[in-house]
Amino acid sequence: MAGGSARGGGNCPPLFTTEKPTRTAAYAYRLFASTVLAGVLLVWLYRATQLPPRSSSARARRWAWLGLSVAELWFGLYWLLTLSVRWSPVYRRTFPGRLAQRYQEEQLPMVDVFVCTADPTLEPPMLVISTVLSVMAYDYPAEKLNIYLSDDAGSIITLYALYEASEFAKYWIPFCKKYQVEPRSPAAYFAKISAPPDACDRKEWFALKELHKDLTDRVNSVVNSGKIPEVSKCEPRGFYQWSENTSFTDHPSMVQILIDGNKRKATAVDGNALPTLVYMAREKRPQEHHHFKAGSLNALIRVSSVISNSPVIMNVDCDMYSNNSGSIRDALGFFLDEEQGQDIAFVQYPQNFENVVQNDIYGNPINIVNELDHPCLDGWGGMCYYGTGCFHRREALGGRIYSLDYKEDWTRVVRKTEDVRELEGMAESLVTCTYEHNTLWGIEKGVRYGCPLEDVITGLQIQCRGWRSVYHNPARKGFLGMAPTSLGQILVQHKRWTEGFLQISLSKHSPFVLGHRKIRLGLQMGYSVCGFWALNSFPTLYYVTIPALCFLNGISLFPEVSNPWFLPFAYVVMATYSCSLVESLQCSDTVVEWWNAQRMWLFRRITSYLLAAIDTIRGILGISESGFALTAKVSDLQALDRYKKGMMEFGSFSTMFVIIAAVALLNLTCLMFGVARVLLHEESTNLGAMFLQVVLCALTVAINFPVYEALFLRKDSGRLPASVSLVSLCIVLPLCILPISL
Ligand SMILES: *[C@@H]1O[C@H](CO)[C@@H](O)[C@H](O)[C@H]1NC(C)=O
């Protein structure tokens with residue numbers, strides 16, 4: 001390994017290990033999966049062979065049956081796809097101690113950290129600078145650490161906040177290092193710790209808390225007034241360069257080196273160096289496409305290439321702070337391992353949330369995804385990249401194809417000039433609107449343009465170029481973000497993702513096309529689990545409506561309890577749900593969280609996925625987007641309070657809520673009147689034939705309990721509005737009253 005360590009190769013202990021579940025566990029799972037597969041095949045066989053005959057008296061039954069067969073066919077196929085994210089999980093562990101032994105501080109590679117923000121109203125500057133401060137305070141040599149903030153709005157307020165943060169950092173970073181403070185986002189730290197810990201000097205601790213309060217007050221008052229104080233205008237060049245008539249969508253490029261780690265004058269109060277801190281706003285003009293976050297990441301790659309050009313790049317969203325000051329050293333264990341690290345392009349950390357409560361009503365603590373799905377993708381050689389909390393190898397992100405003779409130079413230094421003004425000018429010329437015209441940026445180089453979910457595609461493309469990626473999920477979480485805490489926000493977010501994934505799957509970027517012969521089949525399937533989310537919508541909607549309606553009308557669609565064909569149905573359902581419950585418990589979710597997650601699973605499928613599928617179809621047919629989705633509103637205090645009490649947040653009218661309410665009402669009506677009908681008409685012999693439909697209907701009713709609450713019982717402003725109840729009643733009543741002709 002060039003430069004890094006002369007001891008490369010040979011018999012040094014590895015810097016990370018990979019653990020797999022025991023062989024017995026793996027075989028037990030495979031045996032279990034094959035019994036479920038047998039059940040699925042029998043269900044398909046039943047549907048294929050027992051189709052009701054074509055007769056005028058049972059036309060409705062025949063059609064309902066056919067629909068159900070298609071739904072079951074899809075569920076079975078999709079289940080096969082999901083096997084890929086259960087098959088062979090791997091778990092990674094690093095040894096930062098060995099890294100420290102093998103690499104002296106001055107041998108460590110330089111690291112660039114990219115933080116992106118887009119809108120100072122949605123992402124308040126205090127949130128942004130708390131994240132920036134948390135990454136500036138990483139336990140890493142300051143002269144090797146470079147922080148870049150991309151401000152896509154080009155807002156003077158964000159620059160002002162960052163300037164204030166750079167001043168505050170002179171106190172905050174020495175304080176963190178002196179007392180081993182954790183977490184190193186000052187906002188998170190002071191929110192969590194209300195009294196000085198024993199190790200701290202009381203006076204110092206209170207002085208710093210006061211300083212942080214001052215910072216918060218100053219930044220927030222500037223945010224509120226929209227004007228920066230006159231006195232600070234003479235500080236960084238950027239303030240007086242700002243002209244009155246720039247706007248979020250129309251401004252020149254601007255690069256400001258607020259702290260230059262190379263300059264001795266930029267020191268903290270304890271006399272130690274500070275990490276380099278750079279503000280960047282790329283040029284934006286209304287007539288030029290800016291490619292959203294992908295565009296700003298690519299701009300950051302170029303700007304950083306003339307200022308620090310570190311071989312390792314970490315990127316994080318502005319609402320996700322670092323919760324572990326050791327993460328850089330942790331992640332470097334993967335890249336710097338002489339034996340296994342050569343072909344690792346990126347190390348993805350999971351997404352974890354700070355603001356979720358115990359037994360979260362939205363099933364937000366997505367443990368199952370973090371603890372099982374992602375380790376399985378890793379097991380196939382390619383964790384996906386999801387745009388935040390990820391360490392990249394610059395070369396791989398830049399578009400290099402992996403080859404066996406490739407060796408990284410971890411210690412290269414590129415600083416084109418020592419003159420900061422000249423450097424800024426040079427960097428600015430790299431982020432003009434026209435710079436990327438007729439270049440490979442966004443195609444072969446950097447983050448991909450022109451497709452939804454550009455991060456995922458970028459990761460896939462890197463894997464297709466021969467690189468590997470790993471997933472690292474240490475017990476103490478590396479990054480903490482904010483989960484959406486209202487139903488509308490979650491469903492809208494999922495609709496966007498689902499639509500993006502479906503468009504990828506149907507395009508030439510589909511993992512099966514792009515990854516053909518380049519990545520393993522299991523990984524292609526793993527990507528497609530999300531890729532085909534949307535297609536679950538129609539079968540699920542069918543399953544929670546038609547069998548219930550048929551039950552109401554006395555039409556049986558499943559085998560009777562006494563029929564041997566009943567067994568495969570019962571087995572598949574029981575087996576998959578018990579397995580899912582056990583997995584959830586193993587990933588330290590509670591039963592309530594599991595139950596909540598099942599509800600959200602249903603809601604997402606019948607709303608987000610459905611609307612995503614419809615919008616994609618409209619897109620293909622050339623009809624403009626429906627604009628179905630409601631806009632995510634920032635949750636207010638009352639809503640937050642309701643979230644903490646475990647109440648579901650509806651509140652406004654939206655198509656999504658109408659669908660949810662209609663399905664809930666439909667099942668309730670069908671269950672009540674269907675059971676009444678059986679009892680009144682003493683069709684008790686019929687109940688055996690209806691058993692599975694009754695169970696399905698009853699479970700749908702049970703899981704929708706919070707919806708009935710929001711419809712009938714609650715009085716707060718988060719309940720389902722009357723308009724939603726009315727519209728859903730108008731849909732449900734005709735369906736229930738009109739008899740289905742037998
Ligand atoms: C975040 O870091 C703190 C230490 O500051 C730790 O106690 C906590 O468990 C971490 N949070 C998570 C979710 O891992």
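Placement of Cβ uses the backbone N, Cα and C atoms for every residue, glycine included.
Those TrEMBL annotations? Automatic predictions, nothing curated.
According to TrEMBL, the features are:
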- 27-46: transmembrane segment (TRANSMEM)
- 66-85: transmembrane segment (TRANSMEM)
- Glu123, Asp152: UDP-alpha-D-glucose binding site (BINDING)
- Asp152: active site (ACT_SITE)
- Lys293, Asp317: Mn(2+) binding site (BINDING)
- Asp455: active site (ACT_SITE)
- 525-545: transmembrane segment (TRANSMEM)
- 565-585: transmembrane segment (TRANSMEM)
- 650-675: transmembrane segment (TRANSMEM)
- 687-708: transmembrane segment (TRANSMEM)
- 720-740: transmembrane segment (TRANSMEM)
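Recorded features from TrEMBL, shown on the structure.
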residue : record                           : Cβ contacts under 8 Å, 6 or more apart
Glu123  : UDP-alpha-D-glucose binding site : Thr117, Cys318, Asp319
Asp152  : UDP-alpha-D-glucose binding site : Cys116, Thr117, Ala118, Asp119, Phe248, Ala281, Arg282, Lys284, His290, Phe292, Lys293, Ser296
Asp317  : Mn(2+) binding site              : Val115, Cys116, Thr131, Gly387, Thr388, Gly481
Asp455  : active site                      : Lys293, Ala294, Tyr385, Tyr386, Gly387, Val447
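Among the stretches 66-85, 525-545, 565-585, 687-708, 720-740, the one making the largest number of Cβ pairs under 8 Å with the transmembrane segment (27-46) is 565-585.
A Cβ distance under 8 Å defines the sequence-distant neighbours of the transmembrane segment (720-740), meaning residues of its chain 6+ beyond its ends; these are 60, 549-550, 552-553, 555, 650-654, 657-658, 661-662, 665-666, 669-670, 673, 707, 710-711. The secondary structure of Asp317 (Mn(2+) binding site), as reduced to three states from DSSP, is extended strand. According to DSSP, Asp152 (UDP-alpha-D-glucose binding site) is assigned to coil rather than to any helix or strand.
Packing around Lys293 (Mn(2+) binding site) is summarised by its Cβ count: 20 other Cβ atoms lie within 10 angstroms of its Cβ, all protein chains included.
DSSP classifies Lys293 (Mn(2+) binding site) as helix under the three-state reduction.
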